[in-house]
Amino acid sequence: MADQSGNAAPPPVRRRSSANYRAYATEPHAKKKSKISASRKLQLKTLMLQIAKQELEREAVERRGEKGRALSTRCQPLELAGLGFEELQDLCRQLHARVDKVDEERYDVEAKVTKNITEIADLNQKIFDLRGKFKRPTLRRVRISADAMMQALLGTRAKETLDLRAHLKQVKKEDTEKENREVGDWRKNIDALSGMEGRKKKFEG
C-alpha cells in the first residue's frame, strides 16, 4: 500500500519463530579473521616463555650469590693450625658466646615482627569498624503479634487510629440459637400447612 507521496511502504518486519531463532543460533557463522596469524601467535608465546625462563634463572643466580656473600662475611674460616688445648677452649667459648648473641638478636627480631603483625591486625580492624564492615551477629526469629507490630511502628497512635477487630462483623451466639429454634423440623411445618397432619395420625393409629 503506497502512501500519499507515492513511495511504497516498507514490508512489515516478521518476527523469527523459536525454531528459526534456534536454528540461526546453532548454525556456524563466519568468524572474523584475526590480524595475527596462528604461527605468529605461537612464535610470540614461545619468545615470552623463553624470556620468562631467562629471568627466573638470573634471579636464582643472584640469590645464590647474595647467600654466598652473606655466609662469607658472617662465617669466616677458622684457623686451627698450631693451636693448643687452652686456645681451642677459648675459641669454643667465643663461638658459643657468638651463638648466644645471634639467638638473642633472632628472638628480638621475632618479637618485633609479632608486635608489628598484631598492630597491623588492630589497625585493619579499626578501618573495618570505621567503614561499617563489622561482623553482623546472627539474629533470632521473634514472634510478634499484629497489635504489637503496629504499636512498634506507630507508637501510641496505633490503638487510636487502627483497631482491626472493630471492623469485623460480630455474631452473637444467642442469635444463632434463636434462628435454629425458629426453623425447627421443616417436615412438621410442611404437614401443618398442607393439612396432612391429621390424616397422618389416623394411618399411624
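Any Cβ shown, glycine's included, is placed from N, Cα and C.
Bear in mind that the values here come from a model prediction, so they are computed numbers and not experimental data.
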Request  = Choose the correct range: of 1-38, 153-190, which one does Swiss-Prot annotate as region 'Disordered'? Give that range.
outcome  = 1-38
Ask   = Among the modified residues SER39, THR46, THR138, SER145, which residue has its Cβ surrounded by the fewest other Cβ atoms within 10 Å?
value = THR138
Key: Residue among recorded positions SER37, THR73, CYS92, THR138 with Cα closest to the Cα of THR46 (phosphothreonine)   = SER37
Message = Suppose we draw a 10 Å sphere around the Cβ of SER37 (phosphoserine). How many other Cβ atoms does it contain, all chains included?
response = 10
DSSP helix/strand/coil residue counts for the region 'Involved in binding TNC' (27-74) = 37 helix, 0 strand, 11 coil
Remark   = Here the recorded positions are SER37, THR73, CYS75, CYS92, THR138, and the Cα closest to that of SER145 (phosphoserine) is found at THR138
